[in-house]
Amino acid sequence: MPGSWPPRTVIRKSSGLRTLESALYRNGLGPVAGVDEVGRGACAGPLVVAACVLGPNRLESLAALDDSKKLGEKERERLFPLIRRYALAYHVVFIPSHEVDRRGVHVANIEGMRRAVAGLSVRPGYVLSDGFRVPGLSVPSLPVIGGDAAAACIAAASVLAKVSRDRLMVEMEEQHPGYGFAEHKGYITPAHTAALTRHGPCVEHRYSYVNVRRAAEATGVRWASDRVGVRWSTESAAETEEVRRALEAFEVEWVTAPVEHEDAACAKMGSG
């Protein structure tokens, strides 16, 4: 029976993206899943977490895998369908802004990672996470500093999360014009700050973020002060449902209830 930790092995980052995963497979700890998030630093839009399991053999089709932040948009879009085609399993979880507000971004991120791993159709023998430990997983795991540039499965998860979130933010621009979501994807940029100053925040902004609250106060936008602790209004729930329907083609799990509960009411749209 595989142990919880592999024997001590020297892994050099320069050895390639598959070196760490290969060492785990050789020691009987596969399949190996990578998990990563996108949107942690954004002040609008969801936090998106993806988990991905790649097979033990290197695929030439995925040779360009790297940290999604280092890849251009065209390259990410090219890799996105290839990862979904060749991965043994993948699962993407969207955590909406009101849930990030309610739980806090770090706790929401950890819970999203747990759900992404739990949603895989193939049970991993080991999980590699990008940067920090994910407590509460049912299988052994290891945080990898700079993981999306050091392990192919994390890099693949990073691309899945990034492309899925970017596509949603383009959809969000159509629902909330004037903010430039299609361009800055909800991150804090001069253009986004200027839009907040002009219009005040919309329901997709994260009111637990200081810049969003200040913009709301400066523009007189009414916002529920208890949003940071509970979910938004029924109007927000309706908008969330509209966005959820737009996500059906992405094969994701849309978290529509507190993420700390495993029996949360989720609209599950496949796991790849």
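Glycine residues also receive a Cβ, built from the backbone N, Cα and C atoms like all the rest.
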Same divalent metal cation site per Swiss-Prot - residue from Asp101, Asp130 joining Asp36, Glu37: Asp130
Model confidence over the domain 'RNase H type-2' (30-221), averaged pLDDT: 91
